[in-house]
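Asker: Below: one structure in structure tokens.
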Amino acid sequence: MSAPVGVFDSGVGGLSVLQEIQQLLPSESLLYVADSAYVPYGEKPPEQIRERSRLIARFLFEQGAKALVLACNTATAAAINELRGEFDMPIIGMEPAVKPAALATRNGVVGVLATTGTLQSAKFAALLDRFAGSVRVLTQPCPGLVECVERGELNGPEVEALLQRYTAPLLAAGCDTLILGCTHYPFLRPALQRILPAQIQVVDTGAAVARQLQVRLAESGLLAEPGQAITRFWSSGDPQLMGSILPTLLKVDGAVDILPV
Ligand code: DGL
């Protein structure tokens, strides 16, 4: 079996990216870490996110990871530069899909749903400078949504009330395209689409990150040979809780081990 790819997030949100990787690259074995003891990252200081990201990247490296996917917009904004300086392996990050949304919008008004940490980062400011062009980009931090997904709550009154509250100002301002700028939010897509007018386009970056991983592995001669792949899970929080939520999010059962960092 070829060496695995490490994937991590503050919690279960990165499973939305893991799913895309499994679909595109079914022969790649994957090691997934949920830093559930520290979720949400979105309201935490960047120094703390950097420290957690370094510890988890080291753990995955020591487990034999040949590449790392930061399946977290907030951790990418806070830590990817440092990680790339420290670890000698391909490191793929995520950022809100501003470029595709700027191409897709018909009326030139785009909304971004993301964490406070992502929206306040220098990386996000640079992304807007580079790709927004003449498109008006409105941002909306969404405290509380990540916690719902962490509880496995993808529908229901609380989720709907939060989604209504966060999308209302963006719709009122005329956005015709919404960016899901946090890897937890794709799990709320069905609930979101129930409350959005049909003409609103919703974009996220999971599939693009899987394609980027494929390109980087191919460039480095690291793609796995066709064959049986395994996926292992760790959580720094309650592994039983994560184990009970996994089948809701991924349609697979999996044992979850305790992350020793
Ligand atoms: N899923 C993460 C992201 O993409 C972080 C969510 C959080 O922990 O606040 O930003």
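Our numbering is plain: 1 for the first residue shown, then up by one each step along the chain.
Just so you know, glycine gets a Cβ as well, placed from its N, Cα and C.
According to TrEMBL, the protein has these features:
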- CYS72: active site, proton donor/acceptor (ACT_SITE)
- CYS182: active site, proton donor/acceptor (ACT_SITE)
- ASP9, SER10, TYR41, GLY42, ASN73, THR74, THR183, HIS184: substrate binding site (BINDING)
Asker: Since the record lists ASP9, TYR41, GLY42, CYS182, THR183 as recorded positions, which of them has the fewest other Cβ atoms within 10 Å of its Cβ?
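Answerer: Selected from the recorded positions ASP9, TYR41, GLY42, CYS182, THR183 on minimum Cβ neighbours within 10 Å: GLY42.
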Asker: Relative to the Cβ of CYS72 (active site, proton donor/acceptor), which residues of the same chain, six or more apart in sequence, are found under 8 Å away?
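Answerer: Same-chain residues close to CYS72 (active site, proton donor/acceptor) (Cβ under 8 Å, separated by 6 or more) are PHE8, ASP9, SER10, GLY13, GLY14, TYR41, MET94, THR183.
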Asker: Quick one: Cα separation, ASN73 (substrate binding site) versus CYS182 (active site, proton donor/acceptor), in Å?
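Answerer: Just about 6 Å between their Cα atoms.
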Asker: I need the CA-to-CA distance for GLY42 (substrate binding site) versus CYS182 (active site, proton donor/acceptor), whole Å please.
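Answerer: Here the two Cα atoms lie 9 Å apart.
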Asker: Just counting, how many other CB atoms are there within 10 A of the CB of ASN73 (substrate binding site)?
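Answerer: So the number of other Cβ atoms within 10 Å of ASN73 (substrate binding site) is 31.
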